[in-house]
Amino acid sequence: MGIYLFMVYKVIGDDGVAISEQYPLVVSTWPFKEAVRAAWRAVDGNHSAVDAVVEGCSACEELRCDGTVGPGGSPDENGETTIDALIMNGVTMEVGAVAAMRFVKDGIRAAKLVMQHTKHTLLVGEKASAFAIAMGLPGPDNLSSADSIRKWSTWKENHCQPNFRKDVVPSDSCGPYHAKARIDVKEGGCSTRYLMGVAEPRSSLVGPHNHDTISMAVIDKRGHVAVGTSTNGATYKIPGRVGDGPIAGSSAYAVTDSGACVATGDGDIMMRFLPCYQVVESMRLGMEPRLAAKDAISRIARKFPDFLGAVVAVNKNGVHAGACHGWTFEYSVRSPVTDDVEVFTVLP
């Protein structure tokens, strides 16, 4: 489990605001080094944590990190790529997010526009796209690529298997689907599986290269914290599906007085537990990042022992630690005491 500790000293800037000599700090899920470098250039150049998060996540969208961020990857059942993104200001607690956004490739910038220019938190679907374009982002664009279409075509040829459907017929084709008659229901209408408290096994579709997110936290030179996420969601998802990426408290959360959390993994499971809210709240109550991260993951694993996921906790002093379940996880860090991005490995 990777842990990095900063000794924090502060000086007073020209405007009377305390500035840490050990900040800024950039933390990102996965070895997305170019994204971290982009965020670092912004925050080291005295830009705000919010602006640095935008630059970092935007770089990953442009690079199409792992095929799971930005346009051109993760087709849904119809072969279309859509975008989910979120940004959160840990000083003001403002959040902007977009979900299932079509035709606009700039997810994180669209999320920032929602935060800046609306009194809402989340816009979805084509209306999110229309808003983003009206506010100046390029579009409408085709978010598919030759690779995503090829992947989708191969999946169709394999009778749309595996997929995220359950308790439907037919179970081995591309539909149309109908609900399957339940055979495990006792008198009163409750499934015996639910009565026993047993979770269904998760699909083999969930993995680091087909169900992934960039989730980034930045502490700027004034100690202000922001987080952001961007993803094109789960491969072969049911159209309209929204995962944890644009959900505050699930994929990311920030409170300047406590710290931040970033997460990645099986969003359909993780969003039911709001792990990043849990991590930040645990740190607010005095728990160190390593234990806060481990506790949040353990809460999920007790109910879903085969889920895949990870979190990184960062407290307000710059101490960071990760925890994961079901896979070996890596996260990236750039700080004033390193010459370049460092990658930390976290074992399950």
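The backbone N, Cα and C atoms fix where each Cβ goes, and this holds for glycine too.
For T213 (active site, nucleophile), applying a Cβ distance below 8 Å and a minimum sequence separation of six or more within one chain yields T29, T68, V69, T229, S230, T231, G243, D244, G245, S251, A263, T264, G267. Annotated active site, nucleophile per TrEMBL: T213, in sequence order.
Marked as substrate binding site by TrEMBL: R241, V242, G243, D244, T264, G265, D266, G267. A simple way to gauge crowding: the CB of T264 (substrate binding site) has 31 other CB atoms within 10 angstroms, across all the protein chains here.
A simple way to gauge crowding: the CB of G267 (substrate binding site) has 29 other CB atoms within 10 angstroms, across all the protein chains here.
All protein chains shown were included, and the count of other CB atoms within 10 Å of the CB of R241 (substrate binding site) stands at 18.
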